[in-house]
Each structure stands twice: as structure tokens, then as C-alpha cells.
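These come from TrEMBL:
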type	residues	note
COMPBIAS	640-656	compositional bias 'Basic and acidic residues'
DOMAIN	550-619	domain 'STAS'
REGION	640-663	region 'Disordered'
TRANSMEM	168-186	transmembrane segment
TRANSMEM	192-211	transmembrane segment
TRANSMEM	288-308	transmembrane segment
TRANSMEM	362-385	transmembrane segment
TRANSMEM	436-454	transmembrane segment
TRANSMEM	460-478	transmembrane segment
TRANSMEM	490-523	transmembrane segment
Amino acid sequence: MSTLENEVTFRKQAEVNQSLEAQFDSSSTDFILITDHRTSKSKSLEQLEASKESENAESCCSRYARNIFRMKTLKRRLPFLTWLPHYNTKDCIGDLIAGFTVGLTVIPQGLAYSGVVGLPPEYGLYGAFMGCFVYVLLGTCKDSTIGSTAVASLMTFQFAQGSWQRSVLLTFLTGIIEVLMAIFKLGCLVEFVSGPVSAGFTSAVALIVSTSQMRSMLGVKSDGGSFLATWISMFRDIENVRVADTCLGFGCVFLLLAMRSFGKLTIGPKDETRRSGFQRVVNQVIKFVSTSRNASIVIVFTVITMYLDANGTNPFRLTGNIPKGMPAPSLPPFSIEAQPGNETAGIPPVPGQNFLEMVQSLGYGLLIVPLMALLETMSVCKAFAKGKQIDITQEMIACGVGNIATSIFSGYRCNGGLARSAVNNASGCRTNMSNLYIGVIVVLALNFLTDYFAFIPKAVLAAIIISAVIFQVQYQVVTPMWRSKRSDLVPGILAFVTCLVLPLEIGIMVAIGVNLLFILYYAARPKVTLEQLETQQGIRFVKITPDRCLIFPSVEFVRNMVLKLGSKSTLPVVIDCTYIYAADYTAAKVISSIVDDFRRRQQKIIFFNLKPSVVSVFEGLNTRLVLCYNTHALNQELRPDEPDLSRSVDSLDHAESGNGAGECVSMASTLSLARS
């Protein structure tokens, strides 16, 4: 018979003995052997055709070069080609309003986040416009805005230690790494950071950032590389607290939270179509006041401090002078020149570093920063995807190129921020063009408003950061996690605690490592189901069903379970391999030993529905397996009058010509196949 005829026979045989088929209801038994498991000496027709096609197929490089200039590829890598041809007046108005609103939020946040990084305020604005310009061309999520975030700022401080040279170099190198990750399609790495670990890490970052801003609100000195060390140092200097800054800071936090809640108020009917024109205008005013609360607070208290400073009665610490204009574009610094300190002014000396020393000082940050930035950016895209597919590769390209461009203008790390993007979405953005208007507003502010930025109280900027990051403490995930799977709380709580107690990079690595151990333990302890079944002819057998793949952590556990269950009776053992979708060399060795143990006891062991990819793994060790792929073949194999299985033939074709129907034969690789 030909291969196709054999396949038809297999399909017909699968319909026989429905009672036995029903006994296998815990797994799929309708698997059809489309490609025979043959050795390299004898391949099926499909395999031969596939090999011919692969030989004639063009190389990967030529196929990539041919596809790179296709319109579909260009639109995927340059997303603006999709929406820009359809851009209209309504889109422009919506994006302009959203860009202006978000721009009023980005400016005070940029000034404030620079304090988290330990840099002068202008560096926060230097990193707030080039990323937006790049994202207009390369971004895929219309709601996402690129700029400073709490996570990016804190991690930049952790690895750059307040040096603007190292901060800019970190931005440049991590941008290149993100582009390389996109080229090699390594976006899957973010999947190793689970939801609980991400929630614990984000919550810890929120508390650490809030703590770092407390010194500006209290007016005390603080140092330390962790959450606890910072609080301890602040308590030691508590006698120097500045009452005016403290009252202003906490007052602004309360005011910002009140304005945030005020934005949820609406007047008129819940159905917008039933509201009057006056009610709609009032609701829009309420919404605008709420979304622009950061800029409103900054403007009000800047005017107040300018008046007090002019009269010589200003009690607040101010931001200070900010250079006017944009920085000149240049390559990031690849070395640090040594500079003497000034003991009178309290300025410590700066040791010189070459490029290799700077890279060495950045350490694990070159890997952790892109990974966590990608995680933060993807959380923004998922929040506003609305069921659409997310292109992780394109987001890495946009973020990487944006950071490279930002480093050329002396800015530090930027990526998508959820709170800022939520404002962009609520303001009615329609396309990525809103990022262009955000960047333009920041550039205009750098050129025309820096003289006024000098009068912004530091306590106000600290209040803006604290009121933004406290909502990133993800306490709301604890209850659902407790209800669904309580063990997931362990890596989440561990990430939260270790990031607070230890340096941030160590804390996140410990949490990820422990989470991977949970995964390995789960893989090493599969669930093995034991059932004693009986065929229609009254033949009893034991069915053993592992529920996952056989790899080195789990195979010894499965081996002990199989030997233990098989040794309790002399009945034939059928291993249902439906869920075994992968195996490795260690598994092949252990399976070989299991087969030998059963052969010594003269007890049958049959592998039911073993995947072709797994069979190919076992072929390398010349393991003699009895394979069945339908219930009729299994019935024949379980009959006590089966012929001797020790015979070997050169190929399956030879076996078909030399053996009668119903015999179970062995191949040259000593794989035995039960056939009718």
C-alpha cells in the first residue's frame, strides 16, 4: 500500500471500538499519523516533497532582503505611512488639544523627575522632546507618550549615580541595545517578568521615588542606596526640617489629589446626548482643570514665589537658574574628565573615567534598564490596545531610536508612561501626532520660559511626583491574586521587599530568579494520572498520563512514578503521551531505562499518541518503543497472542511486504510501530 492508503486505513481504524475510545476521554485520542515516524533510510512522500522544496528554497538572507522593501514591511516598520495619508482636520484638532494638555503635564514632571535622577532640572526637559518626535514616526500606539517616568528616572539614578555623563551614556547604550533586541526579536524576554514580580517592583519604585522627594518637601539631607537607608538618614537630620517647605509640599499633595478627584465629577444626565450645551462646556472645563492640575499648581505658586522673592520674603527653596535654549546636538560623552572639588561649596571632587570604566560602572544596568523600560512601555500599549495586536519589535525600535536621539541632546532615559498616556487618551488624542505637539511645547518652554522656571519651589515639584507615583502602588492586585493562586504572592511580595531593602538591580534580579525557580519546580513536578481500564475484549491495562513535556527537571520524577505504578501489577502499562509535546536527551535516556526495566520484567509498556518530534529525540538512542496512534492498534498490541517484537527489519516498507496485517514491527532504529 502507499502512504496515503495507509493514512486512510488509520483513519478508518480510529473509528473502531468506541467504548475503548471513550475510556481515553481525559486526552485526545483522535490523533492521525499524517507523517510516518520513519528513519532517514525510508521517508514518507510528504517528507520527500518537503525536502525537495527546502533544497530549492531561497536562502533566509535573500528572502529577508526581498521582503524588506515590500510596502507591507515598510508600513509595519514606519507606521506613520498607515495613518498619515488619512490625516484630516478633526485629527489635527484632537491631537493639538491632547498635545497641549499633556505638554502642560510633561514640563513640570520633567523638572521634577530630574531631581530623582540627581541631575539639574534642565536635563528633565532635554529628555522630553526627541523621544516624542521619534515616536510620531515609529510608534504603534497613538495614546503612548515618550518621556521621563518614575521607573526610568530611579533606575538611571541607581546606575549613573547622579553623573550627567553616565546618565547620557546609559541612555545611548541602552537605546542601541533595544534596537539590537528588536533586530534579534528578543521581546520575548519581557515574558520572564511575571505580573506579580512587575507589580511588586512597580510598587517598590513608587515608594522609593516618594521617599526621594520627601527630602525636598522636608528640606532635610538624605543619602543611602536603599529605601530604609534613605529614611534613616532623613530622621538623623530631622532637626533641620524647613516648616515652610513642608507645609507647602503637603498642601500641594492634598490639592493635587483633590483636583484629580474633581475631574471625576460631571453635571447633567449620565447620557451625554441628553446634556445641554452649557453642561457639556462645564464638564469639559472640569476635565481640563483636572488634567492640567500639575501645570496649574506650578503656575500659581511660581507667581506667588516671584512676588515674595521680589519683596525679599521668600521662605521656600527654589529650583534655581536653568540654562535657556536647547542643548547643542553632540555625541554622548565617552569619558569623564577629572575635576577638583570645592570644600567651601561642598562640591566633592570628580574622578576621571574612560569609556570602559564608565561602561563597567553602569554594570547590569545595560541589561536591566532596557528590560524594565520595555515592560513599562508594553504595559502602556496593552492598556490602550483595545483588542489590537501589539508589535513588541516595533515598540523596541521606537523606544531604542528615541533614546539614541535623546542622548544626542544630552537627555536621559525616556519611555512610555502610563499616567501621562492616560492623560493623552483622556484629552482626545487621535493619532501619534499628539507627540509632535508635546515635543514642540517642551522646545518652546526651553527657549522662552526658563527664566520663570527658576522661581518654581522644589516642594511643589516634589508634590507633583508624589501625587503621581502613589497610585502606582498596586495593592489592588493582592486580593485577586489571593483568590486565584496564593503562591503567586510569594514572588510579588519578595520583589517588593527586596527592592526596598536591597539596591534596586539586586532586588529585581532576586525576584525574577525566585519566580523562575517556581516555574522550574512546576515543570519538575508534573501531575501523573493513573487509571485501570479494560478493552471490549476484557483485556485490562494500566493507563498513565503525564500532563506536560518530559525534560530534565521532570523526567526522573515521572520515571519513579511509572516504575512505582507499574511494579504494583503485571498488567500492561499504556503511557498516554498526548500532553508530552517536547523531550530532551536526558528524557530519552530515562525512557530507555524504563523500557529496559519493563522488558526485564516481561511486562508490556506501550506509548500511545507520542508526538513525531518526541519520537525523533528517542531515535538517537536506539530505544525500542512500541507506538500506537489509534485504539484499534492499541487493542491489537494489548492482545496476549502478539508476535515476538524482537525482530528487526531494514525499513517500514520492507516490514509491510514481509509481515502480515495486524503484526507490530520494528524499524532499523528499533522503533516498533503497532499497525493493522
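Keep in mind that glycine also has a Cβ here, set from the backbone N, Cα and C atoms.
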- Query: Hey, does the transmembrane segment (192-211) touch the transmembrane segment (362-385), meaning at least 3 C-beta pairs closer than 8 angstroms, sequence gap 6 or more?
  - Reply: yes
- Query: So, do the transmembrane segment (460-478) and the transmembrane segment (192-211) meet, by the test of 3 or more Cβ pairs under 8 Å (sequence gap 6 or more)?
  - Reply: yes
- Average pLDDT across the domain 'STAS' (550-619)? 86
- Note on the structure: Residues outside the transmembrane segment (192-211) whose C-beta sits under 8 Å from one of its C-beta atoms, at least 6 past its ends, are 116, 150-151, 153-154, 227, 230-231, 371-372, 375, 379, 465-466, 469-475, 477, 481, 488-489, 491-497, 499-500, 504, 507-508, 511-512, 515-516
- What same-chain residues lie close to the transmembrane segment (168-186): Cβ under 8 Å, and 6 or more beyond its ends? 127, 156, 159-160, 332-334, 358-359, 362, 365-367, 369-370, 373-374, 393-394, 396-397, 399-404, 406-407, 410-414
- Write out how many residues of the domain 'STAS' (550-619) are helix, how many strand and how many coil, based on DSSP. 40 helix, 10 strand, 20 coil
